[in-house]
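One structure below.
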Amino acid sequence: MATPNGPRVPCPQAAVARALLFGLVLIQGAGVAGTTDVVVAYNITWKSTNFKTILEWEPKPINHVYTVQISPRLGNWKNKCFYTTNTECDVTDEIVKNVRETYLARVLSYPADTSSSTVEPPFTNSPEFTPYLETNLGQPTIQSFEQVGTKLNVTVQDARTLVRANSAFLSLRDVFGKDLNYTLYYWKASSTGKKKATTNTNGFLIDVDKGENYCFHVQAVILSRRVNQKSPESPIKCTSHEKVLSTELFFIIGTVMLVIIIFIVVLSVSLHKCRKVRAERSGKENTPLNAA
């Protein structure tokens, strides 16, 4: 059978296929070109103190914006901080729903003109974060203190958190219970040698030397933690006996002065009487001589 020698007629199906393939390549190329200026986030970190939690990352955007998503380990993603030019996002309201849960966040990068984006945005995942185990403890506050004789009584005030239960904000003690300890460091004002006492309540009652002034500060501690166990130390407070000593000294000086005044008055009266008696005697003795 002879083979036709005429010109080959193009197949319509093949032409359509080539056109579709070319179009797909163009679309992919446009997608790649559209994302070349989008920089993905890096150095994503959780900054959390007393459960107030901020997600931070780099870099500052130039031609793009960010959206943050957060999710419990086995939950669904929830969008936060939509199309922002900031490099931080407050996610406190999400993590306080269950502070014992482990959370993951991711930062998505979009072109500045998000309406032109037709591809899935690139993103970067954060490290996992468990608030109960990892939030930093804030600086505690000494609510009150009193030294009476040989006893020093110190009361620590619990910080409030944004964790809620029954529509009320909880304190650190409410959240951590007996896991929360306080350590009191104290020393004589005239010395540098420190002692310490620890309690899982909010009060200290320690033995001290009577008449000595003491200085002290407290620190919150979660002993069950492996990291972030301790808070910063509270400002130093000191007892003072200056007013008591001044009152006692004033009383002593006043008493001595009163005794001296009484002594002077008595002495003056006595001397006056003695002089009067002597004068009378002298007058009697001199009377006959004067008469003569």
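Cβ from N, Cα, C; glycine included.
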Which residue in the list Cys11, Cys81 does Swiss-Prot annotate as forming a disulfide bond with Cys89? Cys81
Which of these links to Cys238 by a disulfide bond in Swiss-Prot: Cys215, Cys274? Cys215
By the DSSP assignment reduced to helix, strand and coil, which category contains Asn181 (N-linked glycosylation site)? strand
Go through Cys81, Cys89, the listed disulfide-bonded residues, and name the one with the sparsest Cβ surroundings, counting other Cβ atoms within 10 Å. Cys81
Whole-number answer please: how many Å between the C-alpha atoms of Cys238 (disulfide bond) and Asn153 (N-linked glycosylation site)? 12
Any idea what DSSP makes of Cys274 (S-palmitoyl cysteine), helix, strand or coil? helix
What are the sequence-distant neighbours of Asn43 (N-linked glycosylation site), meaning same chain, six or more residues apart, C-beta distance under 8 angstroms? Glu56, Trp57, Glu58
